[in-house]
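Some notes on the structure that comes next.
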(Lines of atoms letter the chains of each structure in order from A and count residues from 1; the text may use other names and numbers.)
(Lines give C-alpha, C1' and ligand atoms only; values in the text may rest on other atoms or scores of the structure.)
Protein backbone atom coordinates (compact mmCIF):
# COMPACT_ATOMS: atom_id res chain seq x y z
CA UNK A 1 0.00 0.00 0.00
CA UNK A 2 1.27 3.46 -0.92
CA UNK A 3 2.25 5.80 1.87
CA UNK A 4 -0.30 8.54 2.67
CA UNK A 5 0.57 12.01 1.43
CA UNK A 6 2.55 14.03 3.94
CA UNK A 7 1.79 17.56 5.11
CA UNK A 8 4.72 18.83 3.03
CA UNK A 9 3.17 17.30 -0.07
CA UNK A 10 -0.25 18.76 0.79
CA UNK A 11 1.21 22.24 1.31
CA UNK A 12 0.99 23.39 -2.37
CA UNK A 13 -2.74 22.66 -2.41
CA UNK A 14 -3.22 24.59 0.82
CA UNK A 15 -1.28 27.56 -0.58
CA UNK A 16 -3.31 27.49 -3.81
CA UNK A 17 -6.53 27.66 -1.80
CA UNK A 18 -5.14 30.45 0.39
CA UNK A 19 -4.28 32.53 -2.67
CA UNK A 20 -7.74 31.95 -4.13
CA UNK A 21 -9.19 33.27 -0.86
CA UNK A 22 -7.86 36.68 -1.91
CA UNK A 23 -11.04 36.94 -3.98
CA UNK A 24 -12.89 37.71 -0.76
CA UNK A 25 -10.83 40.88 -0.54
CA UNK A 26 -12.64 42.27 -3.60
CA UNK A 27 -16.03 41.80 -1.95
CA UNK A 28 -14.90 43.22 1.38
CA UNK A 29 -13.10 46.19 -0.13
CA UNK A 30 -16.18 47.33 -2.03
CA UNK A 31 -18.34 46.98 1.09
CA UNK A 32 -15.99 49.19 3.08
CA UNK A 33 -15.46 51.67 0.26
CA UNK A 34 -19.10 52.52 -0.36
CA UNK A 35 -19.74 52.95 3.37
CA UNK A 36 -17.16 55.74 3.45
CA UNK A 37 -17.99 57.17 0.03
CA UNK A 38 -21.56 58.13 0.90
CA UNK A 39 -20.34 59.99 4.00
CA UNK A 40 -17.63 62.02 2.18
CA UNK A 41 -18.30 65.68 1.47
CA UNK A 42 -16.66 65.42 -1.95
CA UNK A 43 -18.90 62.49 -2.96
CA UNK A 44 -22.01 64.29 -1.66
CA UNK A 45 -21.00 67.44 -3.55
CA UNK A 46 -20.56 65.49 -6.79
CA UNK A 47 -23.64 63.23 -6.62
CA UNK A 48 -25.84 64.66 -3.86
CA UNK A 49 -28.63 67.21 -3.67
CA UNK A 50 -28.09 70.82 -2.63
CA UNK A 51 -30.18 72.15 0.26
CA UNK A 52 -29.67 75.73 1.51
CA UNK A 53 -31.50 74.89 4.75
CA UNK A 54 -28.71 72.61 5.95
CA UNK A 55 -26.27 74.33 8.30
CA UNK A 56 -23.37 71.90 8.61
CA UNK A 57 -22.89 70.84 4.99
CA UNK A 58 -25.39 71.78 2.32
CA UNK A 59 -25.29 68.61 0.22
CA UNK A 60 -27.05 65.38 1.12
CA UNK A 61 -28.58 62.29 -0.45
CA UNK A 62 -32.13 61.25 0.44
CA UNK A 63 -32.84 57.78 1.77
CA UNK A 64 -34.18 56.65 -1.60
CA UNK A 65 -30.94 57.51 -3.39
CA UNK A 66 -28.74 56.16 -0.60
CA UNK A 67 -30.54 52.82 -0.61
CA UNK A 68 -30.13 52.47 -4.38
CA UNK A 69 -26.44 53.42 -4.41
CA UNK A 70 -25.54 50.99 -1.63
CA UNK A 71 -27.81 48.07 -2.48
CA UNK A 72 -27.77 48.14 -6.29
CA UNK A 73 -24.46 46.31 -6.43
CA UNK A 74 -26.14 43.34 -4.78
CA UNK A 75 -28.49 43.12 -7.79
CA UNK A 76 -25.44 42.53 -9.98
CA UNK A 77 -23.96 40.19 -7.39
CA UNK A 78 -27.19 38.18 -7.33
CA UNK A 79 -27.04 37.85 -11.13
CA UNK A 80 -23.33 37.03 -11.07
CA UNK A 81 -23.87 34.35 -8.43
CA UNK A 82 -26.52 32.64 -10.56
CA UNK A 83 -24.23 32.89 -13.60
CA UNK A 84 -21.38 31.33 -11.62
CA UNK A 85 -22.85 27.84 -12.09
CA UNK A 86 -22.91 27.74 -15.93
CA UNK A 87 -19.65 29.68 -16.07
CA UNK A 88 -17.85 27.40 -13.59
CA UNK A 89 -19.16 24.27 -15.29
CA UNK A 90 -18.39 25.44 -18.84
CA UNK A 91 -15.00 27.20 -18.66
CA UNK A 92 -13.81 25.87 -15.31
CA UNK A 93 -13.44 27.19 -11.79
CA UNK A 94 -10.11 28.90 -12.53
CA UNK A 95 -11.08 30.85 -15.66
CA UNK A 96 -14.48 31.66 -14.18
CA UNK A 97 -12.64 33.59 -11.45
CA UNK A 98 -10.48 35.35 -14.06
CA UNK A 99 -13.62 36.37 -15.95
CA UNK A 100 -15.12 37.81 -12.77
CA UNK A 101 -12.00 39.92 -12.24
CA UNK A 102 -12.21 41.30 -15.79
CA UNK A 103 -15.86 42.28 -15.34
CA UNK A 104 -15.03 43.97 -12.04
CA UNK A 105 -12.21 45.94 -13.69
CA UNK A 106 -14.65 47.37 -16.24
CA UNK A 107 -16.95 48.51 -13.46
CA UNK A 108 -14.11 50.16 -11.54
CA UNK A 109 -13.25 52.22 -14.63
CA UNK A 110 -16.90 53.32 -14.94
CA UNK A 111 -17.21 54.34 -11.28
CA UNK A 112 -13.85 56.09 -11.17
CA UNK A 113 -14.63 58.20 -14.23
CA UNK A 114 -18.30 58.87 -13.43
CA UNK A 115 -19.41 62.50 -13.47
CA UNK A 116 -23.10 61.69 -13.01
CA UNK A 117 -24.80 59.40 -10.53
CA UNK A 118 -26.36 57.26 -13.30
CA UNK A 119 -22.98 56.05 -14.60
CA UNK A 120 -21.75 55.49 -11.05
CA UNK A 121 -24.77 53.28 -10.30
CA UNK A 122 -24.40 51.41 -13.60
CA UNK A 123 -20.77 50.72 -12.74
CA UNK A 124 -21.79 49.30 -9.38
CA UNK A 125 -24.27 46.92 -11.03
CA UNK A 126 -21.61 45.61 -13.44
CA UNK A 127 -19.10 45.34 -10.61
CA UNK A 128 -21.65 43.29 -8.73
CA UNK A 129 -21.77 40.76 -11.57
CA UNK A 130 -17.98 40.37 -11.34
CA UNK A 131 -17.97 39.96 -7.57
CA UNK A 132 -20.96 37.60 -7.77
CA UNK A 133 -19.01 35.36 -10.15
CA UNK A 134 -15.96 35.39 -7.90
CA UNK A 135 -17.92 34.80 -4.69
CA UNK A 136 -19.80 31.88 -6.22
CA UNK A 137 -16.76 30.11 -7.66
CA UNK A 138 -13.87 30.67 -5.25
CA UNK A 139 -15.21 28.78 -2.19
CA UNK A 140 -16.25 25.96 -4.55
CA UNK A 141 -12.74 25.89 -6.04
CA UNK A 142 -11.24 25.82 -2.54
CA UNK A 143 -13.51 23.01 -1.34
CA UNK A 144 -12.62 20.88 -4.36
CA UNK A 145 -8.85 21.45 -4.06
CA UNK A 146 -8.17 21.55 -0.31
CA UNK A 147 -7.22 18.51 1.83
CA UNK A 148 -10.28 17.42 3.80
CA UNK A 149 -8.67 17.91 7.22
CA UNK A 150 -8.11 21.60 6.57
CA UNK A 151 -10.90 22.32 4.08
CA UNK A 152 -12.97 24.33 6.56
CA UNK A 153 -9.97 26.45 7.49
CA UNK A 154 -8.97 27.38 3.95
CA UNK A 155 -12.55 28.16 2.92
CA UNK A 156 -12.82 30.30 6.06
CA UNK A 157 -9.84 32.17 4.65
CA UNK A 158 -12.21 33.57 2.01
CA UNK A 159 -14.22 35.29 4.75
CA UNK A 160 -11.00 36.49 6.40
CA UNK A 161 -9.99 38.25 3.21
CA UNK A 162 -13.44 39.86 3.13
CA UNK A 163 -12.68 41.34 6.55
CA UNK A 164 -9.22 42.47 5.42
CA UNK A 165 -10.82 44.16 2.41
CA UNK A 166 -13.27 46.04 4.64
CA UNK A 167 -10.43 47.19 6.92
CA UNK A 168 -8.17 48.35 4.09
CA UNK A 169 -11.08 50.21 2.49
CA UNK A 170 -11.77 52.02 5.76
CA UNK A 171 -8.11 52.95 6.11
CA UNK A 172 -7.97 54.29 2.54
CA UNK A 173 -11.26 56.18 3.03
CA UNK A 174 -9.95 57.75 6.22
CA UNK A 175 -6.75 58.80 4.45
CA UNK A 176 -8.56 60.50 1.54
CA UNK A 177 -11.81 61.72 3.11
CA UNK A 178 -10.58 65.28 3.65
CA UNK A 179 -9.32 65.81 0.10
CA UNK A 180 -11.14 68.80 -1.33
CA UNK A 181 -11.68 67.38 -4.83
CA UNK A 182 -13.15 64.21 -6.31
CA UNK A 183 -9.94 62.28 -5.68
CA UNK A 184 -11.24 61.76 -2.13
CA UNK A 185 -13.54 59.02 -3.40
CA UNK A 186 -12.03 58.23 -6.80
CA UNK A 187 -8.74 56.98 -5.31
CA UNK A 188 -10.39 54.40 -2.98
CA UNK A 189 -12.54 53.16 -5.86
CA UNK A 190 -9.83 53.18 -8.53
CA UNK A 191 -7.26 51.06 -6.75
CA UNK A 192 -9.64 48.10 -6.81
CA UNK A 193 -8.42 47.42 -10.34
CA UNK A 194 -4.98 46.56 -8.94
CA UNK A 195 -6.44 43.96 -6.60
CA UNK A 196 -8.53 42.42 -9.39
CA UNK A 197 -5.43 42.20 -11.60
CA UNK A 198 -3.45 40.41 -8.87
CA UNK A 199 -6.15 37.75 -8.45
CA UNK A 200 -6.69 37.25 -12.20
CA UNK A 201 -2.97 36.97 -12.93
CA UNK A 202 -2.40 34.48 -10.14
CA UNK A 203 -5.41 32.29 -10.97
CA UNK A 204 -4.28 32.04 -14.58
CA UNK A 205 -1.21 30.07 -13.49
CA UNK A 206 -2.79 27.89 -10.79
CA UNK A 207 -4.01 24.30 -11.40
CA UNK A 208 -7.66 23.65 -12.19
CA UNK A 209 -9.95 21.77 -9.81
CA UNK A 210 -9.29 18.01 -10.28
CA UNK A 211 -12.96 17.30 -9.63
CA UNK A 212 -14.01 19.64 -12.46
CA UNK A 213 -11.50 18.00 -14.81
CA UNK A 214 -12.84 14.54 -13.96
CA UNK A 215 -16.37 15.81 -14.53
CA UNK A 216 -15.30 16.98 -18.00
CA UNK A 217 -13.64 13.69 -18.93
CA UNK A 218 -10.02 14.83 -18.56
CA UNK A 219 -8.71 12.19 -16.17
CA UNK A 220 -5.10 12.74 -17.26
CA UNK A 221 -5.42 16.47 -16.62
CA UNK A 222 -7.08 15.75 -13.30
CA UNK A 223 -4.14 13.58 -12.18
CA UNK A 224 -1.71 16.32 -13.23
CA UNK A 225 -3.68 18.94 -11.30
CA UNK A 226 -3.87 16.63 -8.28
CA UNK A 227 -0.12 16.08 -8.56
CA UNK A 228 0.54 19.85 -8.54
CA UNK A 229 -1.73 20.30 -5.55
CA UNK A 230 0.04 17.50 -3.67
CA UNK A 231 3.68 17.88 -4.78
CA UNK A 232 3.68 14.37 -6.17
CA UNK A 233 4.31 12.66 -9.47
CA UNK A 234 1.15 12.33 -11.59
CA UNK A 235 1.72 8.58 -12.02
CA UNK A 236 2.63 7.87 -8.40
CA UNK A 237 0.71 5.37 -6.32
CA UNK A 238 0.42 8.03 -3.61
CA UNK A 239 -2.32 9.76 -5.60
CA UNK A 240 -4.27 6.59 -6.33
CA UNK A 241 -6.49 6.63 -3.24
CA UNK A 242 -7.62 10.24 -3.58
CA UNK A 243 -7.99 10.02 -7.36
CA UNK A 244 -10.04 6.82 -7.10
CA UNK A 245 -12.27 8.45 -4.48
CA UNK A 246 -12.97 11.34 -6.88
CA UNK A 247 -13.60 9.16 -9.94
CA UNK A 248 -15.77 6.67 -8.05
CA UNK A 249 -17.92 9.48 -6.69
CA UNK A 250 -18.29 11.00 -10.14
CA UNK A 251 -19.23 7.65 -11.72
CA UNK A 252 -21.94 7.32 -9.09
CA UNK A 253 -23.17 10.79 -10.03
CA UNK A 254 -23.18 9.88 -13.73
CA UNK A 255 -25.32 6.84 -12.99
CA UNK A 256 -27.96 9.21 -11.69
CA UNK A 257 -28.04 11.14 -15.00
CA UNK A 258 -27.57 14.80 -15.92
CA UNK A 259 -28.68 17.35 -13.35
CA UNK A 260 -30.72 20.52 -13.69
CA UNK A 261 -31.77 23.23 -11.26
CA UNK A 262 -34.98 21.24 -10.67
CA UNK A 263 -32.85 18.29 -9.57
CA UNK A 264 -31.48 20.42 -6.73
CA UNK A 265 -34.92 20.24 -5.12
CA UNK A 266 -35.61 16.53 -5.48
CA UNK A 267 -36.65 14.89 -2.22
CA UNK A 268 -34.79 11.60 -2.60
CA UNK A 269 -32.76 9.31 -0.33
CA UNK A 270 -29.72 11.59 -0.79
CA UNK A 271 -31.66 14.48 0.79
CA UNK A 272 -30.72 16.74 -2.10
CA UNK A 273 -33.57 19.16 -1.42
CA UNK A 274 -32.59 19.47 2.23
CA UNK A 275 -28.99 20.16 1.25
CA UNK A 276 -29.93 22.79 -1.32
CA UNK A 277 -32.33 24.55 1.03
CA UNK A 278 -29.77 24.40 3.84
CA UNK A 279 -27.24 26.20 1.64
CA UNK A 280 -29.80 28.82 0.59
CA UNK A 281 -30.97 29.34 4.17
CA UNK A 282 -27.56 29.54 5.81
CA UNK A 283 -26.44 32.24 3.38
CA UNK A 284 -29.65 34.16 3.96
CA UNK A 285 -29.31 33.92 7.73
CA UNK A 286 -25.70 35.10 7.48
CA UNK A 287 -26.98 38.38 6.06
CA UNK A 288 -29.93 38.52 8.45
CA UNK A 289 -27.53 38.66 11.39
CA UNK A 290 -27.43 42.34 10.40
CA UNK A 291 -23.66 42.64 10.30
CA UNK A 292 -23.60 44.39 6.94
CA UNK A 293 -25.69 47.15 8.48
CA UNK A 294 -22.51 48.07 10.34
CA UNK A 295 -20.25 47.79 7.30
CA UNK A 296 -22.59 49.53 4.85
CA UNK A 297 -23.99 52.23 7.12
CA UNK A 298 -21.69 52.11 10.14
CA UNK A 299 -20.04 55.46 9.37
CA UNK A 300 -23.43 57.16 9.16
CA UNK A 301 -24.86 55.27 12.17
CA UNK A 302 -22.00 56.16 14.49
CA UNK A 303 -22.23 59.79 13.39
CA UNK A 304 -25.92 59.78 14.33
CA UNK A 305 -24.98 58.14 17.65
CA UNK A 306 -22.92 61.19 18.55
CA UNK A 307 -19.40 60.31 17.39
CA UNK A 308 -17.81 63.16 15.47
CA UNK A 309 -15.07 61.00 13.92
CA UNK A 310 -17.18 58.07 12.80
CA UNK A 311 -14.53 57.02 10.27
CA UNK A 312 -12.25 56.04 13.17
CA UNK A 313 -15.01 53.94 14.77
CA UNK A 314 -15.53 52.18 11.44
CA UNK A 315 -11.81 51.41 11.30
CA UNK A 316 -12.00 49.95 14.80
CA UNK A 317 -15.00 47.74 14.01
CA UNK A 318 -13.46 46.52 10.76
CA UNK A 319 -10.18 45.75 12.58
CA UNK A 320 -12.07 43.67 15.13
CA UNK A 321 -13.88 41.93 12.28
CA UNK A 322 -10.55 40.98 10.70
CA UNK A 323 -8.71 39.91 13.86
CA UNK A 324 -11.53 37.83 15.33
CA UNK A 325 -11.95 35.86 12.11
CA UNK A 326 -8.54 34.27 12.72
CA UNK A 327 -9.66 32.03 15.65
CA UNK A 328 -12.23 30.44 13.32
CA UNK A 329 -9.36 28.85 11.34
CA UNK A 330 -8.64 26.65 14.35
CA UNK A 331 -12.09 26.40 15.91
CA UNK A 332 -13.88 25.33 12.76
CA UNK A 333 -11.90 22.07 12.62
CA UNK A 334 -11.52 21.63 16.39
CA UNK A 335 -15.07 22.40 17.60
CA UNK A 336 -16.97 21.92 14.36
CA UNK A 337 -19.54 23.78 12.30
CA UNK A 338 -22.78 23.20 14.22
CA UNK A 339 -21.65 24.23 17.68
CA UNK A 340 -19.93 27.39 16.48
CA UNK A 341 -22.96 28.44 14.46
CA UNK A 342 -25.31 27.87 17.38
CA UNK A 343 -23.31 29.69 20.04
CA UNK A 344 -22.29 32.45 17.65
CA UNK A 345 -25.97 33.18 17.03
CA UNK A 346 -26.73 33.15 20.76
CA UNK A 347 -23.98 35.68 21.53
CA UNK A 348 -25.00 37.93 18.63
CA UNK A 349 -28.63 37.82 19.72
CA UNK A 350 -27.74 38.93 23.25
CA UNK A 351 -25.45 41.73 22.08
CA UNK A 352 -27.95 43.12 19.60
CA UNK A 353 -30.74 43.31 22.15
CA UNK A 354 -28.37 45.09 24.55
CA UNK A 355 -27.36 47.58 21.83
CA UNK A 356 -31.01 48.25 21.02
CA UNK A 357 -31.94 48.77 24.68
CA UNK A 358 -29.00 51.13 25.29
CA UNK A 359 -29.67 53.06 22.10
CA UNK A 360 -33.33 53.56 22.95
CA UNK A 361 -32.92 54.20 26.66
CA UNK A 362 -29.84 56.42 26.79
CA UNK A 363 -30.10 58.61 23.69
CA UNK A 364 -27.22 60.24 21.83
CA UNK A 365 -26.33 62.77 24.54
CA UNK A 366 -25.07 60.16 27.03
CA UNK A 367 -21.48 59.58 25.93
CA UNK A 368 -20.85 56.77 28.45
CA UNK A 369 -23.87 54.87 27.22
CA UNK A 370 -22.78 55.34 23.61
CA UNK A 371 -19.34 53.96 24.49
CA UNK A 372 -20.98 50.85 25.96
CA UNK A 373 -23.09 50.61 22.80
CA UNK A 374 -19.95 50.58 20.64
CA UNK A 375 -18.36 47.94 22.91
CA UNK A 376 -21.31 45.57 22.46
CA UNK A 377 -21.33 46.25 18.73
CA UNK A 378 -17.70 45.15 18.72
CA UNK A 379 -18.51 41.96 20.68
CA UNK A 380 -21.32 41.26 18.24
CA UNK A 381 -18.96 41.71 15.28
CA UNK A 382 -16.41 39.40 16.93
CA UNK A 383 -19.06 36.72 17.40
CA UNK A 384 -20.07 37.00 13.75
CA UNK A 385 -16.51 37.02 12.44
CA UNK A 386 -15.51 33.85 14.29
CA UNK A 387 -18.66 31.90 13.47
CA UNK A 388 -21.32 32.81 10.92
CA UNK A 389 -19.01 34.89 8.73
CA UNK A 390 -16.71 32.07 7.57
CA UNK A 391 -18.79 29.00 8.40
CA UNK A 392 -21.74 29.90 6.15
CA UNK A 393 -19.37 29.73 3.17
CA UNK A 394 -17.80 26.48 4.39
CA UNK A 395 -21.12 24.69 4.85
CA UNK A 396 -22.53 25.88 1.52
CA UNK A 397 -19.57 24.52 -0.41
CA UNK A 398 -19.17 21.13 1.25
CA UNK A 399 -22.69 19.73 1.64
CA UNK A 400 -23.70 19.30 -2.02
CA UNK A 401 -22.89 16.32 -4.30
CA UNK A 402 -20.70 16.92 -7.35
CA UNK A 403 -23.41 16.66 -10.00
CA UNK A 404 -25.39 19.61 -8.57
CA UNK A 405 -22.63 21.37 -6.61
CA UNK A 406 -22.16 24.32 -8.97
CA UNK A 407 -25.90 24.91 -9.27
CA UNK A 408 -26.63 24.55 -5.56
CA UNK A 409 -23.70 26.77 -4.61
CA UNK A 410 -24.79 29.42 -7.12
CA UNK A 411 -28.28 29.48 -5.59
CA UNK A 412 -26.88 29.68 -2.08
CA UNK A 413 -24.56 32.53 -3.05
CA UNK A 414 -27.44 34.25 -4.84
CA UNK A 415 -29.42 33.98 -1.60
CA UNK A 416 -26.60 35.82 0.16
CA UNK A 417 -26.73 38.63 -2.37
CA UNK A 418 -30.54 38.76 -2.40
CA UNK A 419 -30.68 39.38 1.33
CA UNK A 420 -27.66 41.65 1.06
CA UNK A 421 -29.62 43.76 -1.45
CA UNK A 422 -32.81 43.72 0.61
CA UNK A 423 -31.05 44.79 3.81
CA UNK A 424 -29.02 47.44 2.01
CA UNK A 425 -32.13 48.81 0.29
CA UNK A 426 -34.53 49.01 3.24
CA UNK A 427 -32.11 49.99 6.00
CA UNK A 428 -31.99 53.75 5.18
CA UNK A 429 -35.78 53.84 5.35
CA UNK A 430 -35.70 52.01 8.68
CA UNK A 431 -33.06 54.10 10.48
CA UNK A 432 -33.19 57.58 8.87
CA UNK A 433 -35.40 60.38 10.18
CA UNK A 434 -36.57 62.00 6.96
CA UNK A 435 -40.07 62.21 5.55
CA UNK A 436 -41.46 58.69 5.05
CA UNK A 437 -38.64 57.06 7.07
CA UNK A 438 -39.26 54.86 10.11
CA UNK A 439 -36.60 56.65 12.22
CA UNK A 440 -35.79 53.46 14.15
CA UNK A 441 -32.17 54.36 14.78
CA UNK A 442 -30.74 51.88 17.27
CA UNK A 443 -34.13 50.15 17.52
CA UNK A 444 -33.22 48.34 14.29
CA UNK A 445 -31.06 46.07 16.45
CA UNK A 446 -34.25 44.55 17.89
CA UNK A 447 -34.85 43.21 14.38
CA UNK A 448 -31.33 41.81 14.03
CA UNK A 449 -31.52 40.28 17.51
CA UNK A 450 -34.71 38.45 16.61
CA UNK A 451 -33.27 37.08 13.37
CA UNK A 452 -30.18 35.85 15.27
CA UNK A 453 -32.50 33.86 17.56
CA UNK A 454 -33.82 32.06 14.47
CA UNK A 455 -30.22 31.56 13.29
CA UNK A 456 -29.57 29.54 16.45
CA UNK A 457 -32.74 27.47 15.90
CA UNK A 458 -31.76 26.78 12.30
CA UNK A 459 -28.22 25.71 13.24
CA UNK A 460 -29.50 23.25 15.85
CA UNK A 461 -32.07 21.50 13.69
CA UNK A 462 -30.71 21.63 10.14
CA UNK A 463 -26.92 21.97 9.98
CA UNK A 464 -24.91 18.74 9.67
CA UNK A 465 -21.48 18.39 11.28
CA UNK A 466 -18.99 17.74 8.46
CA UNK A 467 -15.58 18.39 9.98
CA UNK A 468 -12.89 15.90 8.98
CA UNK A 469 -14.96 14.31 6.19
CA UNK A 470 -14.13 14.29 2.50
CA UNK A 471 -16.74 15.71 0.15
CA UNK A 472 -17.62 12.17 -0.86
CA UNK A 473 -18.02 11.10 2.78
CA UNK A 474 -20.36 14.05 3.37
CA UNK A 475 -22.63 12.54 0.73
CA UNK A 476 -22.81 9.28 2.71
CA UNK A 477 -23.43 11.25 5.88
CA UNK A 478 -26.58 12.84 4.48
CA UNK A 479 -27.85 9.54 3.09
CA UNK A 480 -27.58 7.65 6.37
CA UNK A 481 -27.92 10.16 9.22
CA UNK A 482 -29.82 13.10 10.67
CA UNK A 483 -28.31 16.45 11.58
CA UNK A 484 -28.06 15.56 15.27
CA UNK A 485 -26.53 12.13 14.52
CA UNK A 486 -23.91 13.78 12.31
CA UNK A 487 -22.06 15.02 15.39
CA UNK A 488 -21.42 11.45 16.55
CA UNK A 489 -20.31 10.41 13.06
CA UNK A 490 -17.85 13.30 12.81
CA UNK A 491 -16.42 12.54 16.26
CA UNK A 492 -15.99 8.88 15.36
CA UNK A 493 -14.24 9.80 12.12
CA UNK A 494 -11.93 12.17 13.98
CA UNK A 495 -11.13 9.46 16.53
CA UNK A 496 -10.38 6.97 13.73
CA UNK A 497 -7.99 9.46 12.10
CA UNK A 498 -6.22 10.18 15.36
CA UNK A 499 -5.70 6.47 16.09
CA UNK A 500 -4.64 5.82 12.50
CA UNK A 501 -7.53 3.46 12.04
CA UNK A 502 -7.23 2.96 8.29
CA UNK A 503 -10.31 1.68 6.57
CA UNK A 504 -13.14 2.70 4.40
CA UNK A 505 -15.65 5.05 6.03
CA UNK A 506 -19.01 3.31 5.82
CA UNK A 507 -21.66 5.03 8.00
CA UNK A 508 -24.21 2.76 9.63
CA UNK A 509 -27.73 2.63 8.29
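Note that Cβ sites are derived from N, Cα and C of the backbone, with glycine treated the same way.
Automatic prediction, not curation, is the source of TrEMBL annotations.
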Original post:
Given the ranges 372-396, 472-496, which one is assigned the annotation transmembrane segment in TrEMBL?
Top reply: 372-396
Original post:
Which one of 95-114, 215-234, 235-254 shows up in TrEMBL as transmembrane segment?
Top reply: 95-114
**OP:** Take the transmembrane segment (95-114) and find every residue of the same chain, 6 or more past its ends, with a Cβ under 8 Å from one of its Cβ atoms.
**Re:** 20, 23, 26, 80, 84, 87-88, 120, 122-134, 137-138, 141, 186, 189-190, 192-193, 196-197, 199-200, 203-204
Original post:
Is it true that the transmembrane segment (153-172) and the transmembrane segment (59-83) have 3 or more Cβ pairs under 8 Å, skipping pairs fewer than 6 apart in sequence?
Top reply: no
Original post:
Under an 8 Å Cβ to Cβ limit, what residues of the same chain, 6 or more beyond the ends of the transmembrane segment (311-333), are close to it?
Top reply: 32, 35-36, 39, 149-150, 152-153, 156-157, 159-160, 163-164, 166-167, 169-171, 173-174, 177, 294-295, 298-299, 302, 340, 374, 377-378, 381-382, 384-387, 389-391, 394, 467-468
**OP:** Mind checking which residues of the chain, 6+ beyond the ends of the transmembrane segment (340-360), have their Cβ under 8 Å from one of its Cβ atoms?
**Re:** 289-290, 305, 328, 331-332, 369-370, 372-373, 376-377, 379-380, 383-384, 386-388, 391, 395, 441-446, 448-450, 452-453, 455-456, 459-460, 463
Subject >> Beyond the flanks of the transmembrane segment (372-396) by 6 or more, those residues with Cβ under 8 Å of it >> reply: 139, 143, 151-152, 155-160, 162-163, 278-279, 282-283, 285-286, 289, 291, 294, 302, 305, 307, 313, 316-317, 320-322, 324-325, 327-328, 331-332, 337, 340-341, 343-345, 347-348, 351-352, 354-355, 358-359, 362, 409, 412-413, 416, 442, 455, 463, 466
